[in-house]
Amino acid sequence: MKGLKGLLVLALGFTGLQVFGQQNPDIKIEKLKDNLYVYTTYNTFKGTKYAANAVYMVTDKGIVVIDSPWGEDKFKSFTDEIYKKHGKKVIMNIATHSHDDRAGGLEYFGKLGAKTYSTKMTDSILAKENKPRAKYTFDNNKSFKVGKTEFQVYYPGKGHTADNVVVWFPKDKVLVGGCIVKSGDSKDLGFIGEAYVNDWTQSIHNIQQKFPDVQYVVAGHDDWKDQTSIQHTLDLISEYQQKQKASN
């Protein structure tokens, strides 16, 4: 896709990213754009340690957090750290799908007084699983404006899960891909227990068509600085499908 192909060269620009010293070694925060930060948290899944990436935006009204730290033990450390740095509180939290590395902080942020959001589809899944839910829900696509900051939540279709959405920050041309976008160093599609692999390719193409001028893509796990993630995701899907076909 024009605008996403060749984004590897942009990775050179990441060498100047500012990394903040955190008290919790399982939390890392890096400045991506003027008021947009990537936060990475670490947790163990089936005996292997993984990194989960998401972002927060500092606005004139307060801080908007997309997704949540991966693991309850990191919630307070995370909010303490960003308050210490910015002197502002979290006023909004949006979960990009129902898994714990995305929706796990809804209850915590809600108790802090933040407005919490998810799609109705995510809310339905959380309800069935008896997990904490967002206070506010919306249909698959929604535009937000917080102070002077505008961003958009977009549902591209099924992929990693039925309910996965992405978040677009138009001013910064940053796409928060969540778990539907695999990192450039991913060896496979990861957890696919709730995936719709046959729909995944079209959903990625929908993202490409919707946001043709992306400059930075933040993949949901592992190395988000490798800007080949969109194409690599398509390659991984194709590889998986070929293996499945060969085994049948």
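Quick reminder: no glycine exception, Cβ is built from N, Cα and C everywhere.
The candidate list HIS160, HIS205 contains one residue that Swiss-Prot assigns to the Zn(2+) 1 site with HIS97, HIS99, namely HIS160. Among HIS86, HIS221, the residue that Swiss-Prot places alongside ASP101, CYS179 at the Zn(2+) 2 binding site is HIS221.
For HIS99 (Zn(2+) 1 binding site), the nearest neighbour among the listed binding-site residues (CYS179, LYS182, HIS221), judged by C-alpha distance, is CYS179.
Neighbours of the Zn(2+) 2 site: apart from ASP101, CYS179, HIS221, residues of the same chain with C-beta atoms within 8 angstroms of the site's C-beta centroid are TYR50, ALA52, ASN53, TRP70, HIS99, ARG102, HIS160, GLY178, GLY190, GLY220. Sequence-distant contacts (6 or more apart, same chain, Cβ under 8 Å) of LYS182 (substrate binding site) comprise LEU189, GLY190, ALA219, GLY220, HIS221, SER229, HIS232, THR233, LEU236.
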